[in-house]
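All remarks here apply to the structure that follows.
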């Protein structure tokens, strides 16, 4: 609706307004608290003196206290009339001070001062009050823009009628009671006079009539109290705020929905802005909007503003403008963090309200001990024969939708309708066709519960309504939620917003060990309120799904308005009864034309939008302009082919005088007018290009100078020779652009040195840092040498699946995905071991595979989520034989890379030095290595409690419940492996840490396994493979039980693998080498250097 323009208040004017409101609020509270005490004594205190100096109307009576509260309320709502009253109070004291000055100067007897009986102390207070009053009047007049709210239209007549009717009733009652008490009198007007005085609270005795008795105190108190109430009501009517339209029209609703569909809005509560008992304030440019509702003179906005974030401030300013104009207290309920900051920037104050539960469906799982209660509930309901259907509202027949709406209303019972910022309070409206309906059905098909969820962007839904039949089985809601998550692919869901939990942090902190007394007290207080408002039960009903908690806030303009805002929010959300007029929520359904327009807008929004064009930088704009220069000259910037004699190293090798065509990237440019030089580089070779007027066509030379930049790839044709300085050069006769570079390369002086930037811009890194390409070339040589080494030993290379239905082969956390064709969850392989062993059972003989594996275990200097490994299996061999093969193979690979069996390693000064690998490699038992590291003897028989004490002494975590072997492994991981420099085989690991390894032939507590460690990291591992199918099943069953109990790294039971093992697998030696780490070991670099495109942290984290 249109609003009256006003001059916005400055920061200084706002400060004056806030201090004025604060002073009157303090005065009101003091008046209310002190009036019972001041009835017993007439002494004035220091507070009264301060009030006199500040010209505050402090009077110690209930009537005055109530009037002060009404005046303070009008100031809080920024009423201009309230400001004029304050100015009037200041002006009265200024006038009194001037009269005192006049009296002192002229010694005239002034009637007003005689009536007031001004003593000396009061006289000085009045002088000071006059001085303060002059300053206050000027300040308040200056601060008028901070009080723009006008009186409501018709407030004068309403106030007059209220006083007329109310006082008439009070006086009439007093006259009737006076007549009844005094009986028949000779003067009939005397009861009228006595009743009038009683209604006004004055003395009721008339000395002129001895027959006229005083009225009893109760009559005077009753009638004067009625009069007081009438006056207060009249003042409230006079100062009340104006009202605005409380509903949105269909055209405005369509505008809101288009903002929601624009893709610029990402608030889970955004759809609730379409409630039709709200109104909307648009930004001046129409790009953003705020939905709000006026309750108890509070303009209560909800959730985030609609539209792009850069347009929020304009919408917030427009909303505040309207609130000030109508005298409403501005407040915002449940905005997110970014929106709360925008409100704070506009002058409001943020108060944490609670947290919203968000489920990321891609990571949600029912596995683990934390989800046991939900799993059991779902299984119980499924066994009882209940089923769940999920449909869009538009796909439900009207009759069935009406039935569901009736069920939802019946299941609500006598509870009030809850929700304002997080509920639509309508079900079955044709405009909500995109909403999801989740219905739980009894075995007979009748509905037993339902969830209705509104759209949240393109890939999410937000809970609107949750109802269930109280007579139905427990666990119904859990089944509906988990079924919705399981069918996420059917509806393209990535996230689900559940209920909102107020004061969640208090409940969560109270559950933690060592919670402080303040937290426990807060929890106890909230526990009392939870009996009425379900605070704790809402938190726990959400927490069981282990969601992400997103904070929400309450925004207020002043702490003084917190109570009013809290009441308004309570009324809006249905926790408190409504007082006064309230718009009905059962607004009519959307008209047909609006439904059609919404459907069309949704269809348009579903079409993929082109990505917004990035604004090029200055150098990029210049290079794009040079594209036009090339086009004008008839030269293609990106031709299909260009003249090329061969690779640049081959061209450079041609003899002088040879006519060749060389291609490469421009590394540097120099221009001397008549002669231009350029250096091209490719494949570690460089060649200088010389363009001279004597050899190059002037038009081509001119085009070179105008269109070529550093970084361009060009083809140059000419005669090989040398420049005057003796540098190998090509005297160019013709040239052609092969690929125009639109982005400038880093400076040749500074280069690209930041490790993070080098990884994120690998293409540029390869161009400007030759050592990067050298490492990748060494990797290529190493991988080729690995293949050759195993081929030469009779191994056959095979390939096994990467997508697996059961994750196994190693103890690690897998990456999971979903195959829509079979509606099954899959995992990316963590190791190819189980498939390779099935091939061994089939008699394929010695085999190996070099392939990618994926482990969801983080990224650091030695780990990448995606890595390359080599696994090899040799029938009728053991781990001793595999150790010999590994030693020989690594030395052969090192020789292929460096020409001799060496590895490169940076010393303490950062200088890379060779390390000889030809010397014998150490072989040390794990328990011996751990004993040496701990300084105490440890063997396979050392009990777990002793090992736990040793671990704690060396700051190695060892929680209760760990076995002795697991503690030994932790000690090995922390104390042995990181400190090992020379290549060393650590052998004979505890049996419980190696579920796929044969039991040691000499000690059943150990396994036949070794790990190769060099330079502080594991390079490879090998086993004497476990081929006993009975033992293998027992170990994998134990692993699967650990997985079911929540161990995300434990292996699952692979029946296909066990079935193959039962056919019979020959004694086999198995080997696994980390290809990435092997290249790291040989080149002395970090894992990011040996990977072409290592995983890097996203920029938005």
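Cβ coordinates are placed from backbone N, Cα and C, and glycine is handled just like the others.
Unlike curated entries, TrEMBL annotations are predicted automatically.
The structure displayed is predicted, hence computed values, not measured ones.
Annotation source TrEMBL lists Mg(2+) 1 binding site at 1011, 1018. Residue 1011 (Mg(2+) 1 binding site) carries a strand DSSP state (E or B). Note: residue 1011 (Mg(2+) 1 binding site) has non-local neighbours 977, 985, 986, 989, 1018, 1020, 1021, i.e. same-chain residues 6+ apart with C-beta under 8 A of its own C-beta.
For the recorded site, residue 1018 (Mg(2+) 1 binding site), the DSSP three-state label reads strand. Feature annotation from TrEMBL assigns Mg(2+) 2 binding site to 1018.
Looking only at the domain 'Aminoacyl-transfer RNA synthetases class-II family profile' (785-1098), the predicted model's pLDDT averages out at 89. According to TrEMBL, the domain 'Aminoacyl-transfer RNA synthetases class-II family profile' annotation covers 785-1098.
The transmembrane segment feature in TrEMBL is assigned to 21-38 (among others).
Marked as transmembrane segment by TrEMBL: 58-76 (among others).
Residues or ranges marked as transmembrane segment in TrEMBL: 83-104 (among others).
The annotation transmembrane segment is assigned in TrEMBL to 124-143 (among others).
Per TrEMBL, the feature transmembrane segment maps to 155-178 (among others).
Sequence annotations record features per position, and here TrEMBL assigns transmembrane segment to 218-239 (among others).
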